[in-house]
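First the structure, in the form of structure tokens, and then the observations on it.
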Amino acid sequence: MTNSGKTGGKSGKGGTGGARALKVRVKTARKRSNSSTRWLQRQLNDPYVHAAKREGYRSRAAFKLAEIDDKYRFLKPGGRVVDLGCAPGGWCQVAVARVKAEGGDAGAEGRHGRVIGLDYLEMDPVPGATILQLDFLSEGADDQVKELLAGEADVVLSDMAAPTTGHKQTDHMRIMSLCEIAAHFATEVLAPGGTFLAKVLRGGTENELLVLLKQHFKTVRHVKPKASRADSAEMYVLAQGFKGRSESPLDDAE
């Protein structure tokens, strides 16, 4: 985690541009495993890691959100955003800039944006955002968020990932379960017409989540931004046009 606290660029476009850098090779140290060496080498050679440092983002993941929003335009000036599992804060930085949460031009409804980040981990403040050290599963968390927003949210974001085990199917099931829980929370706090964006892993059950979300959102799709590593099973589910709360909660829908 950095202490820069910068909002960073507003779009992430061209963030990896410039002259091509020489690749760094890392020797395996005596107390460093081969997998750790590969991870370190990948980080040192990752253009998005360098771009994040250059533009003041706390993580390379900021470019994933920026790229998705560049195409689908759901982070609008004046918007109210909830970021679940927000540490270290890269997505909050992007959201703050795009919804004008630090000031600037107000949105279409004459209001400035609002960004609420939730994480059970302690983290440095993000200028322009309200950070709560809170488990979003705790009782009353949804009501607390709506109170801080002075209404319902326009966007709910989740870049959360469950701790990995190294077993692909287990990791897939864990993150899909986490995504479903986040989706249920989203249906409790979103305003009609709202957007839900969450990380998932390919593994066999991701289409079941699409079917479930289509009952509550007008448009549901999978997206994979260029900032997601090509060899990763990671992708995102983007659900737009929330239909509003029904009598049947999302997790009871079939």
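Note: Cβ is positioned from N, Cα and C throughout, glycine not excepted.
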Look at the S-adenosyl-L-methionine binding annotation in Swiss-Prot, where GLY89, TRP91, ASP119, ASP159 are given, and name the residue from ASP70, ASP135, ASP142 listed for that site too.
ASP135
Would you kindly give the Cα-Cα distance separating LYS199 (active site, proton acceptor) and GLY89 (S-adenosyl-L-methionine binding site), rounded to the nearest Å?
16
Between ASP159 (S-adenosyl-L-methionine binding site) and LYS199 (active site, proton acceptor), how far is it from one CA atom to the other, in Å?
5
Of the binding-site residues listed as TRP91, ASP119, ASP135, the one whose CA lies nearest the CA of LYS199 (active site, proton acceptor):
TRP91
